[in-house]
Amino acid sequence: MSGRGKQGGKARAKAKSRSSRAGLQFPVGRVHRLLRKGNYAERVGAGAPVYMAAVLEYLTAEILELAGNAARDNKKTRIIPRHLQLAVRNDEELNKLLGGVTIAQGGVLPNIQAVLLPKKTESHKPGKNK
């Protein structure tokens with residue numbers, strides 16, 4: 001035995017997910033699989049699912065932040081579809097992005113046309129009735 005050859009080679013490094021490498025919570029591997037299976041293109045590059053997962057994570061965080069604020073404004077600790085609806089419809093950009101989306105159990109934004117409101121009568125100013 002000359003001491004050459006395999007001598008307990010290096011242990012394989014612990015597997016690290018693509019999500020953790022990119023610093024994301026959303027699953028990059030699952031997004032990659034869905035892009036491949038969805039027949040969106042013949043081939044899918046390595047960076048595409050990372051970018052897609054990052055965009056989805058950002059949009060989700062943005063909506064949840066606004067919905068959490070809406071829940072807090074209504075003195076609630078749980079986000080319900082109504083809070084999601086209020087969050088999306090009160091934000092100009094999200095409303096444009098999700099304009100054609102119906103949120104189940106979301107309700108509508110409170111809105112009363114100005115024409116339907118009672119007219120204000122001019123109050124008499126004191127001191128000018130002489």
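Every residue gets a Cβ built from N, Cα and C, even glycine.
From a predicted model like this one, the values you see are computed outputs, not experimental measurements.
What Swiss-Prot records for 1-22 is region 'Disordered'. Taken from Swiss-Prot, the feature symmetric dimethylarginine applies to R4. Residues or ranges marked as N6-(beta-hydroxybutyryl)lysine by Swiss-Prot on the basis of experimental evidence: K6, K120 (among others). Residues or ranges marked as N6-(2-hydroxyisobutyryl)lysine in Swiss-Prot: K6, K76 (among others). The compositional bias 'Basic residues' feature in Swiss-Prot is assigned to 7-19. According to Swiss-Prot, the N6-succinyllysine annotation covers K10, K96, on the basis of similarity to another entry. Annotation comment: Swiss-Prot describes K14, K16, K120 as ubiquitin cross-link. If you look up Swiss-Prot, you'll see K37, K120 (among others) marked as N6-crotonyllysine. Taken from Swiss-Prot, the feature N6-glutaryllysine applies to K96, K120 (among others). Residues or ranges marked as phosphothreonine by Swiss-Prot: T121.
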Residue from K16, K76, K96, K120 whose C-alpha is spatially nearest that of K10 (N6-succinyllysine), among the recorded positions: K16
DSSP state at K37 (N6-crotonyllysine), helix/strand/coil: helix
Among K14, K37, K76, the most crowded of the recorded positions [Cβ within 10 Å]: K76
Neighbour tally for K96 (N6-succinyllysine), based on other Cβ positions within 10 Å of its Cβ: 8
Residues in the compositional bias 'Basic residues' (7-19) grouped by DSSP into helix, strand and remaining coil: 2 helix, 0 strand, 11 coil
